[in-house]
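Visitor: Sharing a structure below in structure tokens format, with a few things to ask.
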Amino acid sequence: MKHCFYNETVGFFYNNSRKELTTYWRTKDVLVVALGLTVSVIVLLTNLLVITAIIINRRFHYPIYYLLGNLAAADLFAGIAYMFLMFHTGPRTAELSLKTWFIRQSLLDTSLTASVVNLLAIAVERHQTVFTMQLHSKMSNQRVMILIFCIWVTALLLGLIPSYGWHCLCALEKCSSMAPLYSRSYLTFWAISNLVIFLIMVVVYTHIFIYVKRKMTRMSKHTSFHPRYKETMISLVKTVTIILSAFVICWTPGQVVLLLDGLGCKSCNVLAVEKYVLLLAEINSLINAIVYSYRDNEMRSTFWRILCFVCYRNSKYTPTVVKLNTTDRRTLSQNGHFTVDSSI
């Protein structure tokens, strides 16, 4: 029968994993917390702005914007989770109970998983609309709500599994170095799951990128090729490139480090970069709000409406609507399908 250590302190498991646990604030700890809190506050404000914009502007009441709103909610949650971590790190870690430590980690895992899965859902939705040359997905609101529900159920399951058994409290030899109460097998599973999602996203966005490039090349050969259509395509290519680059840069280092730790790499100094790769992943929650929202002209206008509501209180706000004449509509649509929104 295995002996479990449920009554031990957090320090006991940190000593077992040989992870340093300080009792005083070092300069490095102060800088990490200061930077982390700053990023968290910015993440909270920007994503709250996105959510508010989607709620108040009826033109955003479409499936893709509901997914963007859910992504903002996931990133908002990630900001809260990271802020909670900053208030319970450094010397304060040793004072945590096992339950609080698991809560701290579960908040991070759940929020980051929700963000990643939501990014995948948006990628698939964009793939569908681009290849059918539609402005918005035909997905019903009910199906979107079901999809959002599934995203959060998946995130909660992956985030709470360690607290309900997939830990190393009964098998000290399997403890992780980065997360001393987690089993290395869980970290391996979590890292591989996310890397698979990354691979799927890379394939999806690469397919979109190639399709748009080819479409633009074919259309440029026709004399009826409308400049607005070319502008739309170029903007879409730029957006896809930014999305893919930011995602790979922010997420891949952390997942690789987690995987190395999960596989028990003894020569890999994962603890030296642990805090930095986590911060990099958190920064992606800020980039999401910028890339997926700020590049949308209507979203920018709504942001200004929110931020400058005092200036606009005596004047009626009218969102910018691009009206196309008959010729433009005929040029920008093919086989009855309108071109895709280039901003997302």
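Using N, Cα and C of the backbone, Cβ positions are placed for all residues, glycine too.
Grabbed the feature section from TrEMBL, which reads as follows:
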type: DOMAIN; residues: 46-292; note: domain 'G-protein coupled receptors family 1 profile'
type: TRANSMEM; residues: 30-57; note: transmembrane segment
type: TRANSMEM; residues: 64-87; note: transmembrane segment
type: TRANSMEM; residues: 107-124; note: transmembrane segment
type: TRANSMEM; residues: 144-166; note: transmembrane segment
type: TRANSMEM; residues: 186-212; note: transmembrane segment
type: TRANSMEM; residues: 233-256; note: transmembrane segment
type: TRANSMEM; residues: 276-294; note: transmembrane segment
Visitor: Hey, which bits of the same chain come close to the transmembrane segment (30-57), Cβ under 8 Å, at least six residues off its ends?
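Guide: Residues packing against the transmembrane segment (30-57) from afar: 65-66, 68-69, 72-73, 75-76, 78-80, 82-83, 85-86, 89-90, 275, 279, 282-283, 285-286, 288-290, 292-293, 298-299, 302-303, 305-307, 319.
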Visitor: How about long-range neighbours of the transmembrane segment (64-87): same chain, 6 or more residues beyond its ends, C-beta under 8 Å?
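Guide: Beyond its ends, the transmembrane segment (64-87) has Cβ neighbours at 33, 36-37, 39-41, 43-44, 47-48, 50-51, 54-55, 104, 107-108, 110-112, 114-115, 118-119, 121-122, 125-126, 129, 136-137, 141, 144-145, 147-148, 151, 155, 278, 282, 285-286, 288-289, 292-293, 341, 344.
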Visitor: Quick test of the contact rule: Cβ under 8 Å, at least six residues beyond the ends. What residues does that give for the transmembrane segment (186-212)?
Guide: 109, 113, 116-117, 119-120, 123-124, 126-127, 130-131, 158, 161-162, 166-167, 176, 178-179, 233, 236-237, 240-241, 243-244, 247-248, 251-252, 255-256, 258-259, 261-263
